[in-house]
Amino acid sequence: MSEMTPREIASELDRFIIGQDKAKRAVAIALRNRWRRMQLDEALRHEVTPKNILMIGPTGVGKTEIARRLAKLANAPFIKVEATKFTEVGYVGKEVDSIIRDLTDSAVKMVRSQAIEKNRYRAEEMAEERILDVLIPPAKNNWGVTESASSSEPSAARQAFRKKLREGQLDDKEIEIELAATPMGVEIMAPPGMEEMTNQLQSMFQNLAGQKQKARKMKIKEAFKLIVEEEAAKLVNPEELKQQAIDAVEQHGIVFIDEVDKICKRGGQSSGPDVSREGVQRDLLPLVEGCTVSTKHGMVKTDHILFIASGAFQVSSPSDLIPELQGRLPIRVELQALTAEDFERILTEPNASLTKQYQALMATEGVSINFSQDGIRKIAESAWRVNETTENIGARRLHTVLERLMEEISYDASERQGETILIDAEYVKQHLDELVADEDLSRFIL
């Protein structure tokens with residue numbers, strides 16, 4: 001779990017996301033409160049529930065990007081889902097309980113990779129010994145029993161091979177080694193809502209097959225990686241990992257629900273059953289409030305999982321959500337539409353900005369691209385103008401505009417090796433102005 005302060009979390013998000021300081025502050029405080037809660041006495045800790053967040057803002061302003069970056073910072077079980085993928089229990093489609101099952105699966109994977117990484121050094125030593133046993137088989141006596149290497153001669157040979165192995169001199173040598181056979185996958189088609197039963201049947205068939213060894217021929221470099229994974233897996237206790245993963249989900253889990261505005265009931269609709277809108281909201285209530293969900297790894301309580309919902313709310317408003325769900329999302333954060341100045345900063349400030357990406361891509365062909373300050377300003381203004389005159393899709397418009405601008409260079413790059421191309425205001429005007437000015441053309445092309 002991350003121990004960063006709210007200010008550190010916000011400044012880390014600043015490296016990738018421009019503006020939206022209110023949203024950054026809200027998620028930074030929420031993430032820090034997870035750590036604060038764990039410092040309390042157990043009796044009080046149980047009473048402190050997370051304050052769930054609702055992010056409201058037009059498309060392309062950074063709602064999903066904040067969630068994506070938060071997942072990397074949190075070092076905690078995290079899942080992002082679209083609310084539109086779910087239907088009410090009893091109807092065809094995914095149930096909302098599958099959110100917690102998927103979150104638990106990702107937690108098991110995360111905890112397992114951490115445990116394997118912790119045991120990697122020991123696993124590498126064991127893998128080294130197994131490869132050396134293949135290269136220099138231990139001597140056997142007349143009864144076929146392996147003797148201990150007591151003489152100095154085999155030991156010296158083994159040490160010489162060990163040195164070569166560590167220096168990479170034997171990487172391309174091919175050996176035959178016994179590795180655990182991959183269990184045969186059993187695909188079971190089941191109706192929606194029966195995923196749990198399907199998982200249990202698949203696990204049962206895999207366990208019936210047992211763990212068999214299979215001789216495989218491969219290069220030492222490749223074999224070493226596979227043996228390290230196999231030996232590291234033997235050093236971890238699966239049951240212990242499952243319990244750690246369930247604890248991590250219950251205490252630190254974060255669920256990001258995108259497109260929550262699409263499950264609002266809009267005015268003037270028929271009064272029939274609304275299984276993919278209001279029905280989904282009703283099913284989300286117990287999850288957000290706190291309930292126990294059955295997963296293949298065990299029972300998971302959702303009382304202390306943090307839920308962050310987001311939506312554009314262009315044709316609906318947060319008040320269109322059912323009142324019970326509104327009450328369970330107490331923190332509201334409004335994200336602002338992006339300006340031309342924001343677009344200019346997006347093109348230059350983030351660690352992997354679009355301009356840096358294009359420069360790196362063209363550098364692979366030996367073409368050097370330079371963006372002048374007035375060129376960047378012109379690109380930002382063009383993108384903003386198209387957003388104003390057509391649909392406002394936020395920062396995603398920059399992808400469209402830049403792709404159009406770079407199309408000619410990308411196509412001819414392999415024939416322009418060694419050239420340096422300056423993209424200034426004049427170049428942008430020449431390639432984009434006609435499209436930007438013509439509203440009908442920009443509607444279909446940009």
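Note that Cβ sites are derived from N, Cα and C of the backbone, with glycine treated the same way.
The structure displayed is predicted, hence computed values, not measured ones.
Sequence annotations record features per position, and here Swiss-Prot assigns ATP binding site to ILE18, GLY60, VAL61, GLY62, LYS63, THR64, GLU65, ASP258, GLU324, ARG396 based on sequence analysis.
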Inquiry  = Neighbour count first, Cβ atoms within 10 Å, every protein chain included; then name which of ILE18, VAL61 tops the list of binding-site residues.
reply    = VAL61
For GLU65 (ATP binding site), nearby residues of its own chain (Cβ under 8 Å, 6 or more apart in sequence) = PHE16, ILE17
Query = Taking the Cβ of LYS63 (ATP binding site) as the centre, how many other Cβ atoms fall within a 10 Å radius?
reply = 27
Listed in sequence order, residues with CB under 8 A of GLU324 (ATP binding site) and six or more positions away = LEU285
